[in-house]
Amino acid sequence: MTATLERRESASLWARFCTWITMNENRLYIGWFGVVMIPTLLTATSVFIIACFAAPPVDIDGIREPVAGSLLYGNNIISGAIIPSSAAIGIHFYPIWEAASLDEWLYNGGPYQLIVLHFLLGVCCYIGREWEFSYRLGMRPWISVAFTAPVVAASAVFLVYPIGQGSFSDGMPLGISGTFNFMLVFQAEHNILMHPLHQLGVAGVFGGSLFSAMHGSLVTSSLIRETTENESANNGYKFGQEEETYNIVAAHGYFGRLIFQYASFNNSRSLHFFLGLWPVVGIWFTSMSVSTMAFNLNGFNFNQSVVDSQGRVINTWADILNRANLGMEVMHERNAHNFPLDLASNESLPLALVAPAING
């Protein structure tokens with residue numbers, strides 16, 4: 001009997017890299033989307049941290065009055081922010097090599113574009129990575145679908161809204177007080193509180209919080225005890241066990257009697273699908289509202305729409321909201337606008353009807 005020994009061909013470096021990238025047994029799954037996700041998110045995070053501490057003031061309004069947002073320039077954690085790119089740049093792509101110098105790039109708010117664009121690309125790849133990992137494990141794709149909600153919300157305020165308004169200077173600043181400033185100005189300019197898509201989004205977020213609290217409390221209140229009275233109920237379960245840990249029939253019966261029968265689910269799959277669907281669809285609606293208002297399809301305006309038989313205005317909540325909007329409009333960008341257009345919308349009064357005669 002003759003035995004033939006052949007040298008096993010070693011896999012190429014590329015083949016080993018492909019195997020390692022797509023291996024399910026890694027402590028952290030990388031995947032092909034992760035190849036793009038990791039460097040983009042690391043870049044966005046690194047530039048964000050550096051800019052938070054040391055970025056120089058940015059001429060956000062394009063009127064040569066720079067606004068400081070970093071900690072080294074007198075801000076704290078609450079007031080600090082990454083200031084959006086200058087209105088002088090508009091929606092032009094503004095990488096470092098487009099500026100004459102690094103100082104000019106910083107003065108015009110280049111770090112904001114760098115952070116936002118890398119961040120959005122990174123989180124989109126995170127969606128793809130979730131789908132890829134689920135596919136390789138034989139799971140269904142709903143985890144990646146659910147994560148589209150925060151991604152489209154971020155895309156709406158960081159990308160779609162600036163494009164619709166014509167400048168990255170209208171994007172949301174990357175900071176706590178900057179976020180609140182963005183919300184107030186958005187309300188003043190677009191009346192978002194009266195936009196039906198935003199109202200659906202509020203119902204989705206608050207409803208999702210309510211349903212999550214209700215579900216969690218019902219589950220923890222109807223655990224199937226596997227231990228004695230002298231031992232914690234938490235000790236009777238194993239991670240990944242096949243047996244149910246709580247009695248859904250008991251939870252369904254309790255909640256059905258607490259409200260009414262059809263207000264509760266008796267099917268675990270439909271229950272959890274609803275819990276995932278409600279907030280995700282709500283955030284989708286909110287993102288759509290911001291995206292439509294980016295192109296000035298604003299919220300409803302019912303100002304002075306209720307009058308009595310004499311034609312006198314009966315002030316409603318819409319009129320109060322309008323006055324608040326005007327106040328916020330006056331306060332923001334006070335150096336860029338001498339007189340808000342909203343307050344100058346009435347008919348102009350003639351100051352001189354006839355030119356004076358000059359007798360020389």
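A Cβ is built for glycine as well, from the same backbone N, Cα and C atoms used for every other residue.
Straight from Swiss-Prot, the features:
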- 29-46: transmembrane segment (TRANSMEM)
- His118: chlorophyll a ChlzD1 binding site (BINDING)
- 118-133: transmembrane segment (TRANSMEM)
- Tyr126: pheophytin a binding site (BINDING)
- 142-156: transmembrane segment (TRANSMEM)
- Tyr161: site 'Tyrosine radical intermediate' (SITE)
- Asp170, Glu189, His332, Glu333, Asp342, Ala344: [CaMn4O5] cluster binding site (BINDING)
- His190: site 'Stabilizes free radical intermediate' (SITE)
- 197-218: transmembrane segment (TRANSMEM)
- His198: chlorophyll a PD1 binding site (BINDING)
- His215, Ser264, Phe265: quinone binding site (BINDING)
- His215, His272: Fe cation binding site (BINDING)
- 274-288: transmembrane segment (TRANSMEM)
Remaining residues near the recorded quinone site, that is with C-beta within 8 Å of the centroid of the site residues His215, Ser264, Phe265: Met214, Leu218, Ala251, His252, Phe255, Leu271, Phe274
Intrachain residues whose Cβ lies under 8 Å of the transmembrane segment (142-156), provided they are six or more past its termini: 119-120, 123-124, 126-128, 130-131, 134, 276, 279-280, 283-284, 286-288, 290-291, 294
Distant-in-sequence neighbours of the transmembrane segment (118-133), which means Cβ under 8 A and at least six residues beyond its ends: 24, 29-34, 36-37, 40-41, 43-44, 47, 141, 143-144, 147-148, 150-151, 154-155, 158-159
Alpha-carbon distance [Ser264 (quinone binding site); Tyr161 (site 'Tyrosine radical intermediate')] in Å: 39
Inter-residue C-alpha distance, Tyr126 (pheophytin a binding site) and Asp170 ([CaMn4O5] cluster binding site) (nearest angstrom): 26
Contact set, same chain, for the transmembrane segment (29-46): CB under 8 Å, 6 or more residues outside the stretch: 20-23, 114-116, 118-119, 121-123, 125-129, 132-133
Beyond the flanks of the transmembrane segment (274-288) by at least 6 residues, Cβ under 8 Å: 142, 145-146, 148-150, 152-153, 155-156, 197-198, 200-205, 207-209, 211-212, 215, 265
Three-state secondary structure, which DSSP defines for His198 (chlorophyll a PD1 binding site): helix
Among the quinone-binding set His215, Ser264, Phe265, as the record gives it, the longest Cα-Cα distance in Å: 10
Spatial neighbours, same chain, of Ser264 (quinone binding site) - Cβ under 8 Å, 6+ residues apart: Ala251, His252, Phe255, Gly256
Rounded distance in angstrom between the Cα atoms of His190 (site 'Stabilizes free radical intermediate') and His272 (Fe cation binding site): 35
